[in-house]
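Asks: Sending over a structure as structure tokens; questions will come in a sec.
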Amino acid sequence: MKSNCYHRNGHNATCSYGDNNNYFMVLFGLTQIFMSQIPNFHNMVWLSLVAAIMSFTYSFIGIGLALGKIIENRKIEGSIRGIPAENRGEKVWIVFQALGNIAFSYPFSIILLEIQDTLRSPPAEKQTMKKASTVAVFIQTFFFFCCGCFGYAAFGDTTPGNLLTGFGFYEPFWLVDFANACIVLHLVGGYQVYSQPIFAAAERSLTKKYPENKFIARFYGFKLPLLRGETVRLNPMRMCLRTMYVLITTGVAVMFPYFNEVLGVVGALAFWPLAVYFPVEMCILQKKIRSWTRPWLLLRGFSFVCLLVCLLSLVGSIYGLVGAKFG
């Protein structure tokens, strides 16, 4: 809507849709309530594939538009010191928040084991997953560096927090529209890819604790006339649990509609325990590394440094979130 408004009325027009943000968030939440009833992670191949294709599409568009902007400017904007701040303290908070954003860029550890469970063998699932993780991290890093570096080189200190929704680009408006549509589809699928493992863990725990409870363990079949009488099995506990989860996350989004700040908080909270601490501890136990040996000290030192960085990122992101909310 904003893209079309700028195209019709000029780039300096007042195209504000801030008052309607809550409406779109609620609409997204209602969509996720429906999508959350997908039975389990194994049934999400098509959704994950669509989300991945959308991600590649809008990333290529963003990189291409930024590169075009650099060629149009005939110079590289920005400086090695980055965006200036009012004082050194403010600059430190911005850097910490940026570290949280970077940490959020690699959140796949939360779904790594879920994906590994869907793989066929031979070869062994862990071997396939190791190769897939290596390739995925390389591709992710390539795109992140290209988007970050080309975006900053194109706009310098005025770089928006999001190249496509922050309107660093206005034309061609149809391409910006298409890229933002890809973002929406990606987020619809991405929300489910990262929520399904949470649903599965909570449901397993409740089923194990209350195996005789009909509300938790019993499924009810419903025939859908529009789908040639196909029977759909629904579980009351699953419906209530997943709906409540979506309602809570939607409520948080409405209260804190600040993209980069929220990503920083989530990234700082999730990165160290899932991507560093548990793998390090598993490596020490599996390889039976003795305490106070050089490998043990290096691994524990690495874990401690990452913990320190995540704590600083968390503090910086919370500071930015509070500032955005009340400042």
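Yeah, the Cβs are placed from backbone N, Cα and C, and that goes for glycine too.
Residues annotated as domain 'Amino acid transporter transmembrane' in TrEMBL: 19-321. Residues or ranges marked as transmembrane segment by TrEMBL: 44-67, 135-153, 173-194, 243-259, 265-285, 297-322.
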Asks: Report, as numbers and ranges, which residues of the same chain sit near the transmembrane segment (173-194): CB under 8 Å and 6 or more residues beyond its ends.
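Replies: Sequence-distant neighbours of the transmembrane segment (173-194): 3-4, 6-7, 28, 31-32, 35-36, 38, 44, 47-48, 50-51, 54-55, 57-58, 61-62, 65, 107, 110-111, 164-165.
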Asks: Between the transmembrane segment (135-153) and the transmembrane segment (265-285), are there at least three Cβ pairs closer than 8 Å, leaving out pairs fewer than 6 positions apart?
Replies: no
